[in-house]
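What follows is a set of notes on a single structure, which appears directly below.
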Amino acid sequence: MDLLRLSRLFSGPHPIGLSVLQRLDLLRSTQWTGGREGPAWLRAASCSSSSHQKRMSSLCSDSSTPVAPQEEEEEESFGTLSEKFSSRRIFHKSTAQLYNLKLKEQGVEEEELEPRLRQGGRNTPYWYFLQCKRLLKEGKLAEALDLFERQMLKEERLQPLECNYTVLIGGCGRVGYLKKAFRLFNDMKKRDLEPSDATYTALFNVCAESPWKDSALQSALKLRQQLQAQNFQLNLKTYHALLKVAAKCADLRVCLEVFKEIIQKGHAVTEETFCFLLMGCIQDKKTGFRQAMQVWRQMLSLGIKPSRHGYNLLLGAARDCGLGDPEVASRLLLTSQEETILLQPPTGRRLAGGKVQAKTRHGVSVKHVEALERQLFLEPSHKLEGPPAFPEARETSRTQPEVETKAEPGHMGALAPLALKPPDLELQVNLLSLGALSPAVVSFGTVATPADRLALMGGLEGFLGKMAEHRLQPDIKTLTLLAEVVEPGSPAESSLLSILDRHRVEADITFFNTLIRKKSKLGDLEGAKALLPILAKKGIVPNLRTFCNLAIGCHRPRDGMQLLADMKKSQVTPNTHIYSTLINAALKKLDYTYLISILKDMRRNSVPVNEVVIRQLEFAAQYPPTFDRYKEKNTYLEKIDGFRAYYKQWLKVMPAEEPPHPWQEFRDKPVRNQVITENAGGLRDG
């Protein structure tokens with residue numbers, strides 16, 4: 001009877017026993033999680049239910065009763081899990097090591113993106129702007145970029161402002177980091193931030209300071225085209241940055257194109273504008289000095305007061321550039337002012353600081369700038385062209401006779417170098433002024449050296465006198481440039497130290513390095529060494545450039561070896577430039593014994609070799625083109641053979657110098673040992 005009742009419980013369309021067992025299984029699964037066991041009565045009930053289930057399964061297998069619906073559903077669902085894998089064609093192997101590696105990488109990424117806990121509230125974008133500005137003033141561009149990109153964007157996930165990008169682009173501009181600056185600019189546009197005038201000024205400035213001039217010029221011209229397509233109006237400061245790009249990366253013609261655009265837009269022409277034109281003149285090494293004098297005289301004709309920076313640019317032109325064709329220079333610089341001055345001051349009111357209002361500028365127009373351009377690039381066969389639209393100037397030129405190019409034999413003189421002119425003529429020649437020159441000066445003579453070009457500007461005293469007329473005092477850069485252009489070994493060079501004290505200018509190591517280099521080039525090594533006690537008296541410490549300038553005059557082996565020994569005593573390690581200078585001094589004397597001694601010392605100090613040194617040594621290892629080894633014995637050729645044998649072995653053991661990338665120091669991420677805190681308003685060790 002009991003078996004019949006049990007069979008009825010587990011048979012039929014809706015067996016009651018199976019539902020009870022399912023409820024018990026559900027209760028067991030919910031309460032026995034985590035390896036915990038239930039009470040004893042529940043375990044006994046489960047055991048009894050399992051035994052009953054086994055009995056019924058055996059009874060069902062013996063009898064011909066149909067299969068339960070739940071078992072039918074389980075049979076139907078068997079094998080359906082493989083459907084989502086059956087469509088795959090490629091299977092990746094997965095091991096425990098790969099899984100652990102994946103977890104480690106995820107942990108590193110989460111650690112990088114996890115914001116650091118800071119004291120105080122959350123920082124603002126303007127606070128980050130101030131911190132980046134402070135770091136850039138300290139010359140820490142890499143730290144400023146890391147602070148912006150890692151801490152502000154990744155860790156705190158703040159939305160940057162336009163000023164955050166502009167200050168970093170400006171920092172990149174100071175060092176010429178062109179690639180990073182345009183990356184920041186593109187990221188700025190992706191965030192829908194509107195660039196300001198300061199942003200475009202910083203972008204043009206980074207193009208001007210880039211070490212790769214061609215690519216920088218292309219980037220600047222492309223940016224200029226984009227701004228023109230957007231009809232974006234540039235201010236004068238941005239135009240000056242564009243003018244700086246043209247002066248440093250292009251030539252004077254491109255500068256004049258920008259200059260004409262500045263006038264077309266109605267901007268005021270300032271002294272800074274002409275300074276950038278002077279920088280463009282310096283790019284022409286052949287005729288840059290003559291062009292610089294023309295631009296200078298046009299600036300003075302507008303009544304614009306020059307600055308100390310403008311005088312320094314003139315000295316740079318005298319040092320690096322030539323006068324060009326003497327006939328053209330005589331026609332442009334020695335003729336009457338009415339024929340050569342094309343930019344006239346306006347009749348309206350003049351602003352303070354030398355600026356001219358655009359609305360009242362009657363003398364400066366695009367037509368006159370084009371005439372100035374034709375004069376700047378005048379060829380010997382071309383005819384001198386006067387101002388195109390100055391009726392007042394034309395009437396004056398009709399009433400006054402032109403300056404004669406021919407004079408009486410007793411009054412004719414050529415503007416020759418300073419040492420060849422009479423003493424009274426030296427004081428009358430100064431092209432820096434707009435006044436007429438002496439009638440005795442009708443043409444230029446040989447102007448080949450920087451000292452000759454300085455003589456055209458009145459010499460040392462005349463140049464400083466012109467600065468005094470404009471109430472300008474020379475700085476250390478002015479005196480350093482004067483030291484480079486004065487006649488070597490002249491009294492003017494000796495008077496530079498007294499001028500230094502007279503104007504109370506604090507000397508630096510660059511000024512004394514210039515004097516030491518000039519004396520060493522003359523072969524006056526003792527005179528160069530005599531300047532070292534003056535350095536010590538003024539508290540100036542010599543640097544590697546000082547020893548390199550001394551090495552120029554070490555033509556004898558004992559002088560060169562003594563210099564290396566003195567550097568060792570001073571605990572200064574010679575670099576590649578010093579050894580290259582000594583090698584050059586030995587090559588001028590064809591002293592192979594001296595050359596081998598230099599290479600031995602270079603090997604002892606393990607100084608890496610650069611391309612310049614290799615070219616020097618390859619030239620030293622060459623045989624004379626017309627020598628015959630078997631004709632007769634030649635001691636000179638034997639020395640070359642000895643040097644070639646040592647040079648071959650020397651190359652095998654010497655390290656090579658890899659030139660550093662200009663932007664490498666900014667690409668390296670700084671060590672993350674400092675955290676910005678709001679409490680101190682700066683950096684704090686974290």
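Cβ coordinates are placed from backbone N, Cα and C, and glycine is handled just like the others.
Looking at 83-107, 383-407, the range tied to region 'Disordered' in Swiss-Prot is 383-407. Under DSSP, the residues of the repeat 'PPR 5' (270-306) split into helix, strand and coil as follows: 26 helix, 0 strand, 11 coil. Proximity of distant same-chain residues to the repeat 'PPR 2' (161-195), defined by a Cβ-Cβ separation under 8 Å and at least 6 residues beyond the stretch ends, is recorded for 125-126, 128-129, 132-133, 136, 141, 144-145, 148, 152, 202-203, 205-212, 215-216, 219, 662-663, 666. Non-local neighbours of the repeat 'PPR 3' (196-234) in the same chain are 162, 165-166, 169-170, 172-178, 181-182, 185, 188, 241-242, 244-245, 247-250, 265, 662; each lies 6+ residues outside the stretch with a CB under 8 Å from one of its CB atoms.
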